[in-house]
Amino acid sequence: MELQRNDFHHPYSPYDIQLQLMRALYSCLEQGKVAVFESPTGTGKSLSLICGSLTWLRDHKRSAFQTAVDNATCDDDEPEWMLDFARRESSRMMTEKRKELEERLEKTRKEEEQQRIALENPEGPRKKQKYSIPLTESGGLSEDQFALDDYDSENEEHSKPRDELAHTSELSPSTLELLERFKGQISTAKPGSDDADNDEVKIFYCSRTHSQLTQFAGELRRVKMPWSIPKDLLSTDLTGEEELEERVKHVTLGSRKNLCINPRVSSLENATAINERCLDLQQPNVNPQHRCPFLPSKEDERQVLQFRDHALSTVKDIEDLGKLGKKIGICPYYASRSVVKDSEVCCLRARSSIDLVPDEWQIVTLPYPLLLQRSAREALNSSVKGHVIIIDEAHNLMDAISNIHSVTVTLSQLQTSLSQLTIYGRKFKTRLKGKNRSYVAQVIRLLSSIAAHLRSLLESGKAPEGPVLISELMSGKGVDQINPYKLSRYLQESKLARKVDGYVEFTRDPSDKQASRSPTVPVLFHIQGFLLSLMNPSAEGRLFYSKEQGDIQLKYMLLDPTNQFRELVEDARAIILAGGTMSPMTDYMNHLFSYVPASRLDTFSYGHVIPPENLIAHTLVRGVQGSEFDFTYDARDSEKMIMDLGRTIATLCHVIPDGVVAFFPSYDYLGRVLNIWKKPMLGEQGQTVYNLIGQKKPILSESRDMTVTTEELLHTYANTVDSGRGALLLSVVGGKLSEGINFSDKLGRGVLIVGLPFPNIRSAVWQAKIQYIEQKTHQQATGSEASRQLAAKAAGRDFYENSCMRAVNQCIGRAIRHRNDYAAIVLVDRRYEKPGIQAKLPAWIKQSMVGSSVQRPAGATVQSLAKFFASKST
């Protein structure tokens with residue numbers, strides 16, 4: 001039966017496409033689907049995802065609650081009055097427990113409301129008036145802190161729990177950094193630690209950026225959801241809003257950098273330094289007087305409970321939790337963990353982490369690395385089995401999976417690590433015994449072998465980039481006897497990376513520390529990640545070298561994200577991928593979900609909330625001087641065509657009001673275009689195309705090495721547009737302005753896409769990717785050898801085109817941000833006329849595409865655009 005509008009508890013009157021999305025989402029969650037949702041930015045997608053998923057979750061919980069009550073009976077053979085009593089008693093106990101929490105949170109909320117009128121003391125009461133001192137000062141850490149503990153590889157399974165060791169030894173460097181932030185444990189007794197009777201279904205909400213998770217928290221504040229207890233089982237003394245609403249319990253978890261309130265730690269120069277200092281202050285051999293005074297301990301249970309109730313009473317963002325921690329005098333980073341058990345919604349900022357997922361959570365939001373990497377989920381004890389996963393802004397999901405499981409190491413990093421290990425080895429030579437001495441020697445031999453091969457590549461006349469074989473890296477003396485898996489276990493267990501980095505930092509001249517402290521994790525973490533890549537199936541990934549500015553880097557690239565994501569798909573109840581521009585969707589179906597039965601797969605692409613007359617899209621094949629726009633690799637440097645492009649853009653800027661954003665395929669190509677535009681035109685008395693465009697609209701340009709920040713460039717652009725002259729902003733596909741930046745209203749009346757931003761097909765990485773797709777398709781195809789080869793070539797070509805068109809669609813999505821917005825989209829290249837290319841555009845763009853013809857002159861397009869904007873000015 002189709003759900004009605006009010007069933008989703010949307011805070012506003014939803015548009016029809018929002019209703020369609022929420023209905024489809026509800027159905028997919030109920031049926032356990034794997035689905036891809038495309039809903040343009042500006043259509044209220046995030047709020048629709050929240051309302052649709054929370055409505056389903058509350059319905060599901062009510063059903064589960066009723067089932068639990070019905071199952072609480074003694075025996076079906078008992079008298080009916082006894083069965084009824086058992087059901088009522090079970091209902092009363094479960095309801096009272098939940099109501100008690102609601103009443104406590106309501107009391108706290110009212111207290112906060114009363115305090116809001118008072119000026120808060122920014123310092124707040126301190127729990128203990130003392131601060132940790134720098135580790136290098138007298139009374140801090142000694143050299144003994146950095147010595148390795150004895151290690152016995154024959155008894156490795158007893159030195160650390162096997163499951164924890166297996167999980168953490170397989171993490172990528174970026175995820176190891178996340179996990180290191182959570183190694184310290186809170187010693188406080190867990191308040192309200194009653195175990196749930198069963199593992200309630202949760203929603204894992206995953207997004208990429210700080211701003212997206214901040215937006216999620218903001219949208220959540222608007223939502224009011226009904227009780228998760230069946231209405232006929234609720235206590236009769238609930239009235240008014242209390243009867244209708246059960247608050248959504250939410251907590252935002254952040255990194256130490258976001259939440260640390262110890263000024264001696266939070267003032268350090270980067271996140272890595274903050275994390276390391278915090279962990280160092282918790283080591284057992286640190287003098288208690290020098291430990292962090294805000295770290296929760298057993299005697300701080302009252303403050304932890306107070307923090308929990310305040311955090312849950314209203315939806316708070318990361319800044320609110322920081323202020324709350326200062327006011328109570330307790331570390332909000334660790335205290336926020338106590339909130340998780342009773343929360344329904346748990347937000348994590350990008351580069352944040354969780355250390356467990358209690359049964360009572362209903363919604364868990366987290367950054368990509370901790371969801372997409374199996375070893376991270378296991379190390380955090382966070383199973384997704386039977387739960388729902390919603391990944392928002394998922395247009396780059398396949399790339400994200402590949403990047404998370406890819407590792408890069410440079411020759412300079414290898415040389416630095418060798419130097420640090422040598423210094424460390426000399427200092428602790430007499431204390432390195434047995435297996436420690438053996439493994440440290442193995443690390444040095446392996447790093448030396450890899451460094452020697454990279455050095456030979458750097459000094460050779462070989463191409464700037466190319467593939468590398470594992471055997472080439474392991475060619476050093478004695479390296480073939482090394483067991484990479486045992487060595488990687490040793491690196492993680494012994495904490496050699498932290499010991500070496502800590503000692504080097506400890507002995508560095510204090511005057512050099514601020515300038516020389518690296519903003520990244522210790523290089524041995526990168527080495528560890530690289531060692532793990534050597535154990536991956538060779539068919540799924542490749543090794544590449546790349547020479548850059550006197551250095552050379554070695555990269556393991558995961559080519560196929562399918563198997564890395566498969567466990568999530570098979571374990572989860574439902575998987576939802578959502579984004580503003582998910583087209584083209586064939587990659588998800590053919591590659592990421594190729595093993596999923598068709599009956600479980602679904603795709604949805606919704607239109608925009610704007611009326612059809614508010615968007616016009618054109619392909620532009622020829623310029624105002626008749627040049628055919630062909631920006632293929634072999635033709636794109638034609639000066640005649642580039643000059644005509646400039647004249648055409650000048651003409652378009654004359655008819656498109658306010659702000660126009662033009663996207664080019666790359667920084668290098670934009671630079672070449674600008675150089676040609678600034679040349680004097682023949683017979684024009686020194687006039688340049690650049691000046692010609694500037695007469696219509698002032699020009700601003702993005703560059704790889706901008707002297708201003710992106711925010712400053714956007715601020716200048718907005719001010720120029722507001723001045724009344726409008727502006728032309730030259731940008732790059734995949735650059736700083738192509739994703740996450742909104743060009744709404746006057747800032748984006750026109751969006752021009754110049755050329756198609758195909759990746760460099762000649763690069764070693766892309767040749768390997770396409771070769772892998774072709775080989776995989778050939779193996780899976782049926783029929784004759786000729787037909788299998790054709791299918792393989794078609795699959796490789798489709799994969800290559802999809803990568804390009806996803807980038808194009810992201811740029812197009814920068815315009816049109818709300819219902820009353822309007823804009824023109826112009827696709828400048830003859831290849832946009834191809835049906836296969838147009839088929840990869842989002843549905844909401846295709847339906848606004850003006851019928852095109854290769855023979856149409858540019859003047860006809862200009863007239864069409866002039867008519868479109870004239871209709872908006874009346």
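Cβ coordinates are placed from backbone N, Cα and C, and glycine is handled just like the others.
Sequence annotations record features per position, and here Swiss-Prot assigns ATP binding site to SER39, PRO40, THR41, GLY42, THR43, GLY44, LYS45, SER46 based on sequence analysis. Secondary structure at PRO40 (ATP binding site), taken from DSSP and collapsed to helix, strand or coil, is coil.
Look at Swiss-Prot and you will find CYS260, CYS278, CYS292, CYS331 tagged as [4Fe-4S] cluster binding site, backed by similarity to another entry. The secondary structure of CYS278 ([4Fe-4S] cluster binding site), as reduced to three states from DSSP, is helical.
Residues or ranges marked as compositional bias 'Basic and acidic residues' in Swiss-Prot: 92-115 (among others).
For 156-167 (among others), the entry in Swiss-Prot reads compositional bias 'Basic and acidic residues'.
Annotation source Swiss-Prot lists domain 'Helicase ATP-binding' at 4-444, citing sequence analysis.
If you look up Swiss-Prot, you'll see 92-143 (among others) marked as region 'Disordered'.
Residues annotated as region 'Disordered' in Swiss-Prot: 151-170 (among others).
Across the motif 'DEAH box' (392-395), the DSSP tally of helix, strand and coil residues reads 2 helix, 0 strand, 2 coil. Here Swiss-Prot flags 392-395 as motif 'DEAH box'.
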For the compositional bias 'Basic and acidic residues' (92-115), DSSP counts of helix, strand and coil? 24 helix, 0 strand, 0 coil
THR41 (ATP binding site) versus binding-site residues CYS278, CYS292, CYS331 - nearest by Cα: CYS331
Alpha-carbon distance [CYS260 ([4Fe-4S] cluster binding site); SER46 (ATP binding site)] in Å: 29
So which other residues, same chain and not among SER39, PRO40, THR41, GLY42, THR43, GLY44, LYS45, SER46, have a Cβ within 8 Å of the centroid of the Cβ atoms at the ATP site? SER48, GLY580, VAL609
Which same-chain residues, if any, lie at least 6 apart from GLY44 (ATP binding site) yet have Cβ under 8 Å of it: PRO14, TYR15, GLN18, VAL609
If you measure C-alpha to C-alpha, which of PRO40, GLY42, LYS45 (binding-site residues) come within 10 angstroms of CYS292 ([4Fe-4S] cluster binding site)? none
Ranking the binding-site residues PRO40, GLY42 by other Cβ atoms within 10 Å, which is at the bottom? GLY42
CYS278 ([4Fe-4S] cluster binding site) to LYS45 (ATP binding site), Cα to Cα, whole Å, comes out at 39
For the binding-site residues CYS260, CYS278, CYS292, which one has the sparsest Cβ surroundings, going by other Cβ atoms within 10 Å? CYS292
Candidate with the highest Cβ count within 10 Å, taken from the binding-site residues SER39, THR43: SER39
